[in-house]
Amino acid sequence: MGTQFTAIWIALLLSFPVILSGRDDGLLRIGLKKKKLDQLGRRVVPGPVNLISKEHGRGASKPSATRKYYNLGETEADIVALNNYLDAQYYGEIAIGTPPQTFTVIFDTGSSNLWVPSSKCYFSLACLFHSKYKSSGSTTYVKNGTSAAIQYGTGSISGFFSQDSVEVGDLVVKNQDFIEATKEPGVTFLVSKFDGILGLGFQEISVGKAVPVWYNMVNQGLVKKQVFSFWLNRNVEGEEGGEIVFGGVDPNHYKGEHTYVPVTQKGYWQFDMGDLLIGTETTGLCASGCKAIADSGTSLLAGPTTVITQINNAIGASGIVSEECKMVVAQYGKIILEMLVAQAQPQKVCSQFGFCTFDGTQGVSMNIESVVEESPDKSSDGLHDAMCIACEMMVVWMQNRLRRNDTEDQILDYVNALCDRLPSPNGESAVECSSLSSMPSVSFEIGGKLFELSPEQYVLKVGEGASAQCISGFIALDVPPPRGPLWILGDVFMGRYHTVFDYGNLTVGFADAA
């Protein structure tokens, strides 16, 4: 297809103020907005662009002809009606300080800190184009000054901690620690339309062990129930972009009952996931279980390269050919296949060839303790080079085809085809928009139930008509043991399934979105 797509697996949300609404049913609803995007992820607005006031660090939209009012719950929400062009970006509004300085943020379940640009950010271009917090303008500001830095998947920030009141809807969280960002290097935050990020993960992954905003909502008695939930609207014709509810769930945005699974490791909202199916066939890797997280801060759906390649092959996605993969197939494919037929231990095959210095239980050339049976804090990260990864993927693929009783030639042809489907360095792959009807569904087993995604739900369409381009919603991300392999169920999944984060019972729940 020849088109290079920008990496969008971390949701770079477009900022725009929204009036937050509370109701007397004990739920706090925050409307999330959708923006029309062009093929580079930039904002496309018919007519004049609404300007953002930067006076005193506050961001407020000016009235325009596109503004309209509609009822969100029992109160009117002031919403700018824009079309969504790529169901990938959601955001909301908060305020910090007294009087309040407003900012747009990603509500991110994949991180745990709150940060916004600082008025002391002098040398990062990104700060020039976003609302900045001015501590001298707040009567409730408390100095901290401890340095802090966060590295995200597609960007990083650094700065220092401060403390102030934070408004989320009608709730006022007092004495909240947050980061004033003084450096935002690179282009990630420069081209984004949001100001900062509000993390909704656990304190275990909070930089500086800062108490997250959600913890303080609970500790200060601001919510009736220790639950928050997401509805992300995937209807491109819809005016509402979505909704996050603090203190409960909105029954208007899901159907049936939620399937709940326990949080297995506090940090991310992590849980155990069962098998993963392409159509009706297992992919093999997760037959005995995998780890997964529900992450509102990720636009797409990320998983191990081994399985993502299988999925992209099944849906006809085009990536970059891996020379390492092709070379391993050509030189060692038949021998590896013979070893598997002879019942060799799959996890030890690649180490026996010298591709890997770790065989799944111990170091081969060094006395490295098992990361499976020993310390959960030890990892094989750094031991898996390109040849090792290519070999290990091939072993999984071959095992799958052996279960089908394929011939040697069929298996080697299949593995070569998968090599051709390895994703590009940034992880994204393109598909033919005209082929959606022939693509298989992809299903995830969670809590004993299959959660299916149809092609229309896992493919992101950019543009209309003959010029339309389509992006696979699946991208490769290899997280090494013991934390991985890890599946990241981002907006592609959460848009299809209404998601509840139950902090009181330490569970995550999914139900059909409505």
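Every residue gets a Cβ built from N, Cα and C, even glycine.
Where the annotation comes from TrEMBL, it is an automatic prediction and has not been curated.
Quick look at what TrEMBL lists:
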- 1-21: signal peptide (SIGNAL)
- 90-511: domain 'Peptidase A1' (DOMAIN)
- ASP108: active site (ACT_SITE)
- CYS121-CYS127: disulfide bond (DISULFID)
- ASP295: active site (ACT_SITE)
- 320-360: domain 'Saposin B-type' (DOMAIN)
- 384-425: domain 'Saposin B-type' (DOMAIN)
(request) For the domain 'Saposin B-type' (384-425), provide the mean pLDDT of the predicted model. (result) 83
(request) Among all chains shown, work out which of the active-site residues ASP108, ASP295 has the most CB atoms within 10 A of its CB. (result) ASP295
(message) With every protein chain in view, what's the tally of Cβ atoms within 10 Å of the Cβ of CYS121 (disulfide bond), excluding that atom itself?
(response) 22
(request) Quick one: of the recorded positions CYS121, CYS127, ASP295, which has its CA closest to the CA of ASP108 (active site)? (result) ASP295
(message) Just to be sure I understand the packing, how many Cβ atoms besides its own are within 10 Å of the Cβ of CYS127 (disulfide bond)?
(response) 22
(request) Determine, to the nearest whole angstrom, how far the Cα atom of ASP295 (active site) is from the Cα atom of CYS127 (disulfide bond). (result) 26
